[in-house]
Amino acid sequence: MISNGSKTRKNLGAIALAGMVISSMIGGGIFSLPQNMAASAGAGAIILAWILTGIGMFFIANTFKILSLVRPDLTTGIYMYSREGFGPYVGFTIGWGYWLCQIFGNVGYAVMTMDALNYFFPPYFKGGNTIPAIIGGSILIWVFNFIVLKGIRQASFINVIGTICKLIPLLIFIIITAFFFKLAIFKTDFWGHTATKTQPLLGSVTSQLKSTMLVTLWAFIGIEGAVVMSARAKSPNAVGKATILGFSGCLIVYVLLSLLPFGSLFQHQLAGIANPSTAGVLDILVGRWGEILMNIGLLIAILSSWLSWTVIVAEIPYSAAKNGTFPEIFTIENAAHSPKVSLYITSALMQVAMLLVYFSTNAWSTMLSITGVMVLPAYLASAAFLVKFSKDKKYPNKGPIKSFTAKYTGILAVIYSIWLIYAGGIKYLFMAIVLLALGIPFYIEAGKKGKNAKTFFAKKEVTKITIIAFLALLAIFLFSTERIRL
């Protein structure tokens, strides 16, 4: 029997968990938000996009908050909610897909870090896939591995400091753009209906809204950070508070960051600024020192988010293995109660993926799009479980959240999750199914060696495996015959 160390320490409070949520959501992409939003929409459509996204993500955030309160026994909820509600195979598949998603996402942080360094040391790290960039990224993969090995609490403390440090440049950006804000400029072509010599018509408000929401929907990936770490939280209440605090804080920052520049620069000017566009905006408004500050902030943001996701990504297989869904070897801890084997295996897979970046940038970009879609079923399954549990007689109606509230929160979160999956791209979803099917042998292996073989291989679980395998084969056929193209 493999020893998995002592009982998991519950030493993360609301602040540490909120730092995890904010840091996992606010990565390097936020420093490109002004240009990304202005590229296809006017200020009016951007406001509508944030309102709709904010409402949708509120229901997802509230889903996690409610579940942490009414089912505090289910730790690392992003995986456990799926397992509890829909059986071991769905739980495994959600955990497997989420794990793969974050492995590739972390390597994306490595690429972005090296590319950001190129601003200070051109041309050695250009594109993030040169030999110096691969070496630098590989070193950082293992540096973060050893930081987390020192202990989750210590890593979380470093992450809180990093979160504060990356919010400072963003706060300075908000203050400067607010200082230069002119309402007359902001109101100019508010709905994006005027063409210029360099900028064609943006189209209807509906088309602007659709293209802009493709940006906003990814802004909140990571909202589940506190839930994933709930096994190490001081209390279920801390998980709920951290999720809502992180969501609210990020939404405010996103809205201000994407709208305030419209008060000092016109839409076509913002759309033409090179990324990271926060640096370009400050270069125009205050000079080169502003550009340098934003590029430093970009580096801090990426590194801080990378640390957060290193903690989170190792926690998924560790937690899944503790109840037998992943191979038992993932449960091994070190003296600091960090998931040692899970960290080493995860970092090794990241290292392999980092080497692949050197050979094929285009294939890597496609892989990031595919794995980005793979996180969304976890949101859908969690919301669906809340709907299911709200109808259960065991639901604690005497608690702070009534079943009626839980039910309709879950329903609205389900609807928004389905929209996210659709907007993410059906072709990427098909490829994601292929990657999910690759986990089937690991599920079978875990089932054979676990105590719950009958449950793992019950008729309904075999049916689910068969459906995923069939869909994966169908996807391979569609791609090989070019009926669907990436």
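Yeah, the Cβs are placed from backbone N, Cα and C, and that goes for glycine too.
Annotated transmembrane segment per Swiss-Prot: 12-32, 41-61, 85-105, 129-149, 161-181, 211-231, 242-262, 296-316, 341-361, 367-387, 418-438, 461-481, in sequence order, evidence recorded as sequence analysis.
The transmembrane segment (461-481) shares more Cβ pairs under 8 Å with 85-105 than with any other stretch in the list 41-61, 85-105, 129-149. Under 8 Å from some Cβ of the transmembrane segment (41-61) lie the Cβ atoms of residues 186, 189-193, 202, 205, 208-209, 211-213, 215-217, 219-220, 223, 243-244, 247, 251, 254-255, 258-259, 262, 267, 379, 382-383, 409, 412-413, 416-417, 419-420, all in the same chain and six or more residues away from its ends. Looking at 12-32, 85-105, 296-316, the range that has the most CB pairs within less than 8 A of the transmembrane segment (211-231) turns out to be 12-32. Listed stretches 85-105, 296-316, 341-361, 367-387, 418-438 were compared with the transmembrane segment (12-32); the greatest number of C-beta pairs under 8 angstroms is found for 296-316. In summary, the transmembrane segment (418-438) lies against the transmembrane segment (85-105): three or more C-beta pairs, each 6 or more positions apart in sequence, are under 8 Å. Long-range neighbours of the transmembrane segment (161-181) within the same chain, counting only residues 6 or more positions beyond its ends whose Cβ lies under 8 Å from a Cβ of the stretch, are 19, 22-23, 26, 30, 253, 256-257, 260-261, 263-264, 278, 281-282, 285-286, 290, 293-294, 296-297, 300-301, 303-304, 307. Taking Cβ pairs closer than 8 Å, the transmembrane segment (367-387) reaches residues 59-60, 63-64, 66-67, 77-79, 81-82, 84-86, 90, 93-94, 97-98, 100-105, 108, 218, 221, 224, 227, 406-407, 409-411, 413-414, 417-418, 420-421, 424-425, 428-429, 431-432, 435-436 in its own chain, all 6 or more past its ends. Proximity of distant same-chain residues to the transmembrane segment (242-262), defined by a Cβ-Cβ separation under 8 Å and at least 6 residues beyond the stretch ends, is recorded for 14-15, 17-18, 20-22, 25-26, 30, 33-34, 37-38, 43, 46-47, 50, 54, 57-58, 61-62, 64-65, 68, 167, 170, 173-174, 177-178, 181, 185-186, 216, 219-220, 223-227, 233, 270, 278, 281.
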